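Mind having a look at this structure? Questions to follow.
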Amino acid sequence: MSTQPDTHKPVDQTGGWRVLAPFRVREYRLLIAAVTLSIFAEGMWSVVMALQVIAIDNDPASLSVVATCMGVGLVAFVLVGGITADWVNQRTIIIAVETVNLVTVTVVAVLGLVGALRIWHLAVAAAILGIAAAFFFPAYSALLPRILPAEQLLAANGVEGVVRPVFQRSVGPAVAGMVIAATFPSLGAVVVAALFGAGLVLLIST
């Protein structure tokens with residue numbers, strides 16, 4: 001019996017670097033870069049929002065109201081977001097959501113810079129961002145199988161699994177804290193808007 005390897009058997013080109021295989025697809029590279037910026041912006045926003053509320057009205061109840069608005073918006077529309085992702089072009093959804101994020105945070109930043117920002121503005125903005133998040137990630141998850149082969153989906157999900165906690169819970173809040181400590185909350189909102197804007201440019205380029 002021959003012990004020679006089967007030369008006709010396909011060779012695994014990725015080897016131990018299989019997790020990087022999705023990055024060979026240009027559309028995925030642009031998409032995950034946009035998602036990373038969006039997650040980074042969300043991480044910054046959590047701190048910007050809190051410190052902006054404190055700057056306007058140093059009342060824990062006001063902060064609770066604003067934070068609750070974001071959570072309610074997300075929970076109330078998460079099912080709708082999932083259904084919409086099944087029926088509407090996913091790329092269109094995520095571009096629309098990122099546009100909404102950009103406009104919402106830009107309005108907050110401008111109002112803050114001119115001294116016209118109020119708690120109810122932040123509550124409405126938080127609700128809008130929560131609703132937007134309910135549409136964004138179902139559409140992102142539904143888009144992945146359209147741009148990547150099935151064998152690369154697990155690796156792509158793993159990348160997001162790393163990006164989300166790192167940028168949303170660590171890097172984003174830390175950067176927001178440093179920016180606001182050196183300046184003021186409204187400038188933090190400007191940075192968040194810039195991140196959403198950069199993400200939108202990448203999404204349009206996909």
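Backbone N, Cα and C define each Cβ position, glycine as well.
Okay, these came from TrEMBL:
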type     : residues : note
DOMAIN   : 1-206    : domain 'Major facilitator superfamily (MFS) profile'
TRANSMEM : 30-55    : transmembrane segment
TRANSMEM : 61-81    : transmembrane segment
TRANSMEM : 93-113   : transmembrane segment
TRANSMEM : 119-143  : transmembrane segment
TRANSMEM : 174-204  : transmembrane segment
At least three Cβ pairs under 8 Å linking the transmembrane segment (61-81) and the transmembrane segment (119-143), pairs spaced 6 or more in sequence?
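In contact, yes.
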Take the transmembrane segment (119-143) and find every residue of the same chain, 6 or more past its ends, with a Cβ under 8 Å from one of its Cβ atoms.
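Sequence-remote neighbours of the transmembrane segment (119-143) are 31, 35, 38, 42, 45, 49, 52-53, 56-57, 62, 65-67, 69-78, 80-82, 84-86, 88, 90-91, 93-94, 96-98, 100-101, 104-105, 107-108, 111.
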Which sequence positions outside the transmembrane segment (30-55), separated from its termini by at least 6 residues, show Cβ-Cβ distances below 8 Å to it?
22-23, 62-63, 66-67, 70, 94, 98, 101, 105, 108, 112, 117, 119, 122, 126, 129, 133, 136, 140, 143, 147, 156, 159-160, 163-164, 167-173, 175-177, 179-180, 184-186, 188-189, 191-192, 195-196, 198-200, 202-203, 205-206
